Amino acid sequence: MKGKVLKLLRQNDNTFLSGEKISNELNCSRTAVWKHIKALRNEGYDIIAVQNKGYQLTKSAYLLSEHDIYSRIKKNDLFENVVYHNSVTSTQTVAQQLANEGVGEGTVVVADEQTGGKGRLGRVWDSEKGAGVWMSLILKPQIDFRKAPQLTLLTAVAVTRAIESVSGLPLSIKWPNDLLVNGKKLCGILTEMQADPDRVQSVIIGIGLNVNHGGFPDDLSEIATSMNIEAGKPFNRAEVIAAILNEFSWLYRTYLSQGFSLIKPLWEAHAVSIGKKIVARSTAGTTEGYALGIDDEGVLLLQDNQGETHRIYSADIEFK
């Protein structure tokens with residue numbers, strides 16, 4: 001109910017909304033409305049009240065709460081459970097614990113801050129409080145475990161489409177998990193899987209997106225950016241999260257029913273690696289050549305200097 005009150009206030013954020021109108025819209029008492037307004041104020045929402053006029057939401061761009069996220073999600077048949085924390089070590093760790101406890105598919109773990117955010121290959125992801133989108137999606141797809149990496153590429157498409165729709169920024173995708181704006185990293189994706197020999201138990205997809213950062217330390221300023229830096233204005237993170245979840249939902253349903261073949265061209269349309277000379281470094285060694293694209297399984301195809309084509313399943317790539 002509190003989320004519904006917030007949604008009504010946001011829909012009328014330039015005008016006052018009377019307590020009577022809110023109670024009629026939500027079929028509750030005016031006393032209940034007042035209690036929900038008080039609870040929202042306690043969470044940090046700036047709601048003014050004027051006698052004989054009602055309530056008005058004045059500003060909330062930097063705030064984040066599960067109610068704010070719920071109020072922005074369309075009717076969504078996948079993501080119905082949002083678990084919000086002010087601060088966690090890592091949303092991936094929390095999501096894995098929930099998956100082990102048997103929580104259902106479509107649970108989203110969101111945090112305002114991560115003190116030990118996880119990146120690929122054990123790296124740390126800097127997750128400043130109040131500045132970014134730090135979240136993990138719990139999925140339980142009935143797919144062969146060898147296809148799980150395709151979900152990283154699907155997520156890249158979903159986030160790219162969402163950010164472009166919210167901000168108008170032109171994003172590009174660097175295989176396998178980086179989203180770039182003007183050559184700098186805006187977002188990273190981490191996919192972790194729990195599986196039996198014959199089936200996937202769960203897939204946890206972590207998304208780290210720089211939203212309202214005003215700047216970065218010297219050692220990151222040349223390689224990292226944020227939506228705020230690129231667009232010159234802050235963004236409501238709940239709106240960004242909702243856009244990502246709504247894009248992901250239909251892409252995921254499409255993927256489960258029709259396979260990766262329909263996701264592949266959407267990924268290729270934003271791929272920055274294709275046709276570029278790259279170096280791919282993995283635990284198996286280093287391979288240099290031209291990125292030809294991805295195959296129908298989402299594996300990177302790299303043609304070396306001798307003309308031999310290599311299938312790269314997992315690696316860090318650098319442009320030459």
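Cβ from N, Cα, C; glycine included.
Now, the feature entries from TrEMBL:
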DNA_BIND  19-38  DNA-binding region
BINDING   Gln114, Lys185  biotin binding site
DOMAIN    65-256  domain 'BPL/LPL catalytic'
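Neighbour count (other Cβ atoms within 10 Å of the Cβ, all protein chains): 27 for Gln114 (biotin binding site). There are 17 other Cβ atoms within 10 Å of the Cβ belonging to Lys185 (biotin binding site).
Assigned with DSSP, the residues of the DNA-binding region (19-38) fall into helix, strand and coil as follows: 17 helix, 0 strand, 3 coil. Listed as Cβ neighbours of the DNA-binding region (19-38) (distance under 8 Å, sequence separation of 6 or more from its ends, same chain) are residues 1-2, 4-5, 8, 47, 49, 54-55.
When pLDDT values are averaged over the DNA-binding region (19-38), the model yields 89.
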